Amino acid sequence: MRAMLSLAWHTVRARFSSLVGTFVALGLGVALLAAMALTLVSTLGGPGTGPRWYVTPDVVVAGATTVSVTTGSGDDRETETVRTQRSRGLPADLVDRLSAMFSSATAATTATAATTATAATTATATAASPVRMVADAAAYAVVAGAPGDTVHPWSAAGLHNYTWVAGAAPRTEGEVVLSGPTAHRPGDQVTVLTARGAETFTVSGVLRTSAPAALYMVDRVVTDLAGGRIEAVALTAGPGESVPTLADQARAAVGVGDGDAVQVLRGNSRARAEPDPDADRRETAIALLSATTGLAAFVSIFVVSGTFTYAVDARRREFGLLRAAGTTPRQVFRLVLGEALVVGVLAAAVGGALGAMLAPRFARWLAGTGFTPSDFTARFVFWPVAAAFGVGLVVALLGAWLAARRAGRVAPIAALREAAVDPRPMTLARVVVGLAALGGCVPMLVAMSAVHSSDAIALVLLSAMLLVVACAMFAPLVVPPVVRLLTAPLAASSGGVVLLARHSAVTAVRRTAATAAPVLVTVGIASATLTGFGTLQAATQSAAHDRITADAVAVPGGGAGLADPTVARLRAVPGVAAAIPVTEDPVYVSAGGEPEEWTGRYATGADLATVLDLPVVDGNLADLTGTATIAVPAGRWKLGDTAEIWLGDATPVRLRVVAVFDRQLDLDETVLLPWDLRRGHASQVADTVYLRFAADSVVTAGGATVGAARAGAAAIASAGGATVVETDDYLSAAGEQEARTNRQGAIAMLGMALVYTGIAIANTLVMATRDRAREFATVRLAGATRRQVLGLVGIEAVLVTCVGVLLAAVVTAVTAAGARHGLADLAPSVPVAVPWLPLGAIILACLATAVLASLVPAALLLRRPPAELAGVRE
């Protein structure tokens, strides 16, 4: 074995130029896989290692921030837990108990905080108990030109480090402190959008902090804006007081009655009490990068195995010569594996290092597009790089092993064979792998057609991968008829070059199939994925267009929503028949033994049917009132059932089902909740307000005038920081935003993989062209000119691209049909949206790459005289 490895090493050194193709394919494949794996692992680390808001306190008492579902019992008991974006509000009596424990009648209130009558926000310390206590609250507040969308009591400013830019702390109820950077300065009058509407405040100061940007007001104002809800109580131990003892005292105050609703945190766990505004983006990034890493693994394995297999197959004459010289099949087998091992170790090592360098750059791009938090970066972790190295090496050895078995069986007479005819293009391994891929694809397509939800799109990529493998394996069967069909119109009129190109492509079936494979995977994966997401978007827009029947929509402008007083004034405008506020927030439903995040839409049930055409199959949306009702999708609950869910702040609720609506694409995994239930649990303002105007206030048929109601609503909305837009314009803007997000997601998921497969197209064709030096010499010696040989090479490159594109079209057609069938019952119409422009660009890029990668090395070879070229060493 050592002798064969030594021979393999010397062979690699002697044939390094011809093995560059396999080295490039494996090195870049490992780099792609390592970069994606490192980026994915970096997203799994959570929001950070320590708190950003509760930095200075030693102990933080906060509401629950998790939702758990427990199944089974005894040894089979399992608990699945997810973290919510916000914590549950603290019970008012708990704040009183904590205040009584850590303060007394002689408490000395700190100079920077005022104690409220309800003890909602206090900062106290006493001689008897030197513990400093701050009850933190948060409410919606936005100032144009200043960062942040929440306001906190000024006493909470000391919970993290800050420095003054200008000014001082707020002293009256009409003052506000802003976080920088901002152009506002102390003394400026600013409009603050709050849950009470637009209010005018005077800027008392501007500060700079590493904590999340926020506004600060005197404690009493914030308590009122927050509706009495307390986010957390922060405790700071005095001199000589131990943090564990302080935590134990806090737990004693919490007591048994509060159960899992309250958590006492210290150390890095204090971060769990902070809102996690990046949670959605982090989950999106994890899902996106999981798909991207899976795709990277697939294309790497596909390209590397195919490249190594082709590289070995192309050396059939060399192995025949070795066999004629007395080498045994076992020795040939070991030689091939030894070469693969040497090249694999070197290429995988280089690829791992390159992937480690690419990951941070890819992570910065993701942060710039908004898919991940702005401070996201890829950190180096050894095991993903090692795993990518191992996967690349194993795949290289496996591809070489399959070809080495055939190489060992090459007859000595093959050394004398000059014809390029493949004796057995369809091997048993191809048939087995192809049938296995088809067998795996069938249940995927069946599931895609039967799932009838947006989850059908998640199966598109998996189905496309399996179909690509199947098409690649069975390509030798379809290459001859496809090539004859493509060249039939030109064969009779274009002379011998086209006939020779057709003959060459048909006889060297294995070479044609191998060079078409990178085109197949490039166009097939891109086309199937883009068409699947385009179809989902088109179906979603179709459902939304039919769903929204409002005449106009009020949407936030500079703020995050519309306050209840603004909504009330919109309703009061003469000619406004209905003004229905809607806001979205996550809810959690127990599904399959784990908490699953759904969308909760809070709305007023009365008159909801006048602005939204909801497919209610049972019950009445007018009953969606109070704080204990819910409207649900069909199939899970029935009318009158009690639905047990968790709200976005981890609060469990039991709600009576008053309406059941049909499952639709834009209502997938969505429940409707009464407007009043959101208080203290979800956003204090409305995301959107749907408007219905009286018949005499609608725009005239000519569109030249606007009714007084529309103008009045626009004025009210503008004063509340919102804009009134036509429903069609609102839907168009939403569609454009979704399309932009989908484009960026497609670039993130497909971009690096397609660049790699594009390089693989060039790499494979360069390898194939270099291996045809003797064939070109024979054609030249037979009388062909240099130009004719280049024409032959160019036509074959076009044929190879066409074969790959046609096979990719089969992949796209099958997956698109499955996706359309899976979405058919969820939208009024499900048009198959093929993105012709980007697909055309990808196909043209593949064609240009294939032609250039074939012509350039061929032109370099043909610079040598035919007699010299015929003697080129293989």
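Each Cβ is built from the backbone N, Cα and C atoms, and glycine gets one as well.
Nobody curates TrEMBL annotations by hand; they come from automatic prediction.
Since this is a predicted model, take the numbers as computed values, not measurements.
Per TrEMBL, the feature domain 'ABC3 transporter permease C-terminal' maps to 294-410, 748-866. The transmembrane segment feature in TrEMBL is assigned to 285-311, 332-360, 380-404, 427-450, 456-475, 746-768, 789-816, 836-862.
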Residues sitting near the transmembrane segment (456-475): Cβ under 8 Å, six or more positions beyond its termini, same chain? 291, 294-295, 298, 302, 306, 426, 430-431, 433-434, 437-438, 440-441, 444-445, 447-449, 512-513, 516-517, 520-521, 524-525, 528-529, 532-533, 535-536, 803, 807-808, 810-812, 814-815, 818-819, 822-823
Where does the mean pLDDT land for the domain 'ABC3 transporter permease C-terminal' (748-866)? 88
Per DSSP, how many helix, strand and coil residues does the domain 'ABC3 transporter permease C-terminal' (294-410) have? 97 helix, 0 strand, 20 coil
Residue counts for the domain 'ABC3 transporter permease C-terminal' (748-866) under DSSP, helix then strand then coil, are 101 helix, 0 strand, 18 coil
